[in-house]
Amino acid sequence: MAATRYPSNDLRRQVGSPRSKGRENKDTLCRNILIYGNCRYEDQGCTFNHDQNKTSSPQADFTKKTFNVDSPAFTPSTLQPAAAKKSTLTSQAANAAPFTPRGVGTPNLQQATETSVFNPAAIREFTPQNYDIGNTNSNGATQENGLYNDPFTSMGSMGTGLPSAGQFNLYASDHNALASSGTQFYPQHGAFPTGPLQPPNYHLYQPFDTYRQELQPWQRATYDFFMPAKMREELQKKMFATQQVMPNSGLPQLERWHSLFPLDTNNRKNTSSFGFSSWVYKAQNSRTGRHYALRRLEGYRLTNEKAILTVMKEWKKIKNANVVTVHEAFTTREFGDSSLIFAYDYHPLTKTLQEHHLQPAHGNRYRAPSAIPENVLWGYICQITSALKAIHANKLAARCLEPSKIILSDNNRIRLSACSILDVVQFESNTKSIQELQQEDLVKFGKLILSLATCAPPAHLNNVSAALESLVVKYSANLKDAVAWLIAPPNPGESKSIENFISGIATHMTTFFDLALQDSDEKQYHLARELENGRAARNMMKLMTIVERGDLGGVQGWSETGDRYQLKLFRDYVFHRVEADGKPNLSMGHMLSCLSKLDAGIDEMVVLTSRDNETVFVLTYRELKQMFDRTFNELVKHSKTGAPGANN
Ligand SMILES: Nc1ncnc2c1ncn2[C@@H]1O[C@H](COP(=O)(O)OP(=O)(O)OP(=O)(O)O)[C@@H](O)[C@H]1O
């Protein structure tokens with residue numbers, strides 16, 4: 001679309017220039033010439049100059065004038081042609097202080113031109129200035145004057161040591177100061193808006209998403225604030241299983257292990273996996289207090305000390321999510337025989353694949369186990385592939401790839417649970433090279449999947465090709481091909497590797513990877529909620545250490561006087577609220593928001609009333625927080641153990 005052109009003087013009016021006198025116009029270059037290159041009204045009375053050569057440049061024109069509102073737009077001096085540099089400014093203008101945007105610091109144009117060229121060498125490394133690490137105790141909490149600083153709320157004191165001098169303190173008492181300090185949050189970057197930075201609403205209970213407003217109060221459930229009930233239940237069961245003990249188990253106490261608890265679900269002696277009966281116990285390490293799974297090989301006599309050292313050294317290098325980490329191996333006579341023990345990471349409430357998939361349905365030995373869905377099988381394939389990739393890359397072989405030696409935890413997560421045992425047990429008798437053992441791993445892997453897909457224990461898989469053919473009834477040809485590839489011997493002169501297999505199942509690996517990431521995202525989401533709950537719990541615990549305490553440091557009724565009395569009324573306000581008719585108000589939202597507000601110390605007012613309605617205090621959360629911190633620090637000073645958490 002053609003642009004509409006205006007007569008020059010009209011244009012000038014549009015841009016707000018005062019009308020020019022005719023003589024001046026003659027010297028002034030017509031703006032149509034400047035903008036469009038020509039002026040339609042040149043011959044129709046336009047009084048401006050249309051000869052570009054006659055006037056040197058708009059800048060030159062500008063130099064002849066005094067500085068006024070009609071001045072052309074500001075052009076940085078470094079970009080101006082030489083002629084423009086000679087501009088004659090009035091003495092007043094020359095003396096004017098250079099324009100300095102607030103918060104940007106004094107500009108140094110010379111320097112700016114120099115540094116505008118990208119030069120990585122010129123970029124200085126970030127060095128925190130005043131952060132005194134020595135002042136931070138092992139717990140991460142900064143100890144000042146012997147008083148306790150909550151590691152979570154002491155971010156302020158840490159911030160003051162940082163170069164930006166406490167400008168951004170999440171839990172600052174003074175939020176007005178915080179807001180104004182926002183202008184300096186990006187001190188070196190003039191490009192950033194330097195308006196006041198709003199402090200985040202730390203007084204709100206804030207999980208990732210907003211609370212579901214559309215729900216009626218009676219539809220809101222307590223667990224809306226916490227992790228899903230199923231997840232909590234699973235975690236609690238795991239914790240319970242980890243702490244479970246059996247006082248009269250008759251199991252011995254080993255040199256560095258105690259509280260042995262049997263994990264085997266049957267007491268059949270089975271020597272098929274290692275050539276020795278094996279038993280699994282949960283045990284606690286006396287030194288670290290951590291729980292481990294100890295696998296005992298009954299009646300094993302170690303003939304070569306080097307076996308354990310050499311094998312453990314190699315296997316300790318394997319860190320893979322699908323391999324149970326082995327920590328050490330040792331022999332013991334505490335069980336009344338000569339036993340070999342392997343200490344593995346303990347994964348509570350796991351079942352073996354054998355127990356989960358290949359045993360008849362509960363209580364009914366005639367009902368065949370149900371078929372495993374194909375996506376679950378692919379999940380297993382991807383995980384075992386990942387485990388073998390890590391093991392083979394370290395020039396080791398898994399060797400023990402049986403359904404009874406792979407443990408399953410929630411979400412179809414599996415781990416190889418008996419790696420390294422055969423390497424120790426057959427240290428001297430093994431005649432196969434590592435390449436051969438790795439090839440065997442692939443065949444065992446194929447048979448394991450075949451066994452799971454046909455719901456037949458490996459010992460019952462007599463006709464492998466018939467079992468393979470039967471796969472297509474329930475599963476895709478893709479799955480059958482993958483299993484067939486693993487089981488088939490390599491072509492003469494060739495060898496198969498787990499890498500070849502990975503390229504064959506790449507699409508399934510990608511799908512599995514995506515599911516794993518989604519799972520991780522979901523867990524992170526729930527974790528963030530618990531972060532908020534942790535904050536509430538900390539404040540609640542601190543409050544509980546103060547109220548109803550009684551005497552302290554020779555002060556009788558300490559918790560009923562001074563600041564403590566107001567904190568007690570606050571406790572009532574948060575937890576003992578009642579409706580007008582005296583019915584208890586149990587709004588979890590109220591409790592959480594009050595605790596968050598106390599934590600943030602905001603300026604909102606709170607009215608605290610004594611139970612007999614005789615005394616009323618009106619104070620801000622900020623004042624309340626100051627009392628709270630003061631009182632808790634007083635308590636810490638009197639305590640023998642010092643700050644909570646400081647001693648462990
Ligand atoms: N690292 C571990 N953490 C937690 N539990 C484990 C661990 N390793 C094995 N288990 C559990 O110990 C139990 C016994 O395992 P084991 O390998 O002995 O199985 P099994 O079926 O008894 O085999 P076998 O008949 O060969 O003895 C299983 O329920 C298994 O889930």
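Indices start at 1 and increase along the chain as displayed.
Cβ atoms are placed via backbone N, Cα and C, with glycine included.
TrEMBL annotations: computationally assigned, not manually curated.
The following features are taken from TrEMBL:
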BINDING   ARG295, ASP345, TYR346, HIS347, PRO348, LEU349, THR350, LYS351, THR352, SER404, LYS405  ATP binding site
COILED    507-545  coiled coil
DOMAIN    24-53  domain 'C3H1-type'
DOMAIN    266-547  domain 'Protein kinase'
REGION    1-24  region 'Disordered'
REGION    546-648  region 'Knob domain'
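Counted within 10 Å of its Cβ, the other Cβ atoms near PRO348 (ATP binding site) come to 19, all protein chains included. Other Cβ atoms within 10 Å of the Cβ of ARG295 (ATP binding site) number 23 in total over all chains. Site extent for ATP: the farthest pair of Cα atoms among ARG295, ASP345, TYR346, HIS347, PRO348, LEU349, THR350, LYS351, THR352, SER404, LYS405 sits 17 Å apart.
In the shown protein chains, 22 other C-beta atoms lie within 10 A of the C-beta of THR350 (ATP binding site). For TYR346 (ATP binding site), the Cβ neighbour count at a 10 Å cut-off comes to 20, with all displayed protein chains included. Neighbour count (other Cβ atoms within 10 Å of the Cβ, all protein chains): 21 for THR352 (ATP binding site). Model confidence over the domain 'C3H1-type' (24-53) is summarised by a mean pLDDT of 74.
The Cβ neighbour count for LYS405 (ATP binding site), using a 10 Å radius and every protein chain shown, is 23. DSSP assigns LYS405 (ATP binding site) to a helical segment in the three-state reduction.
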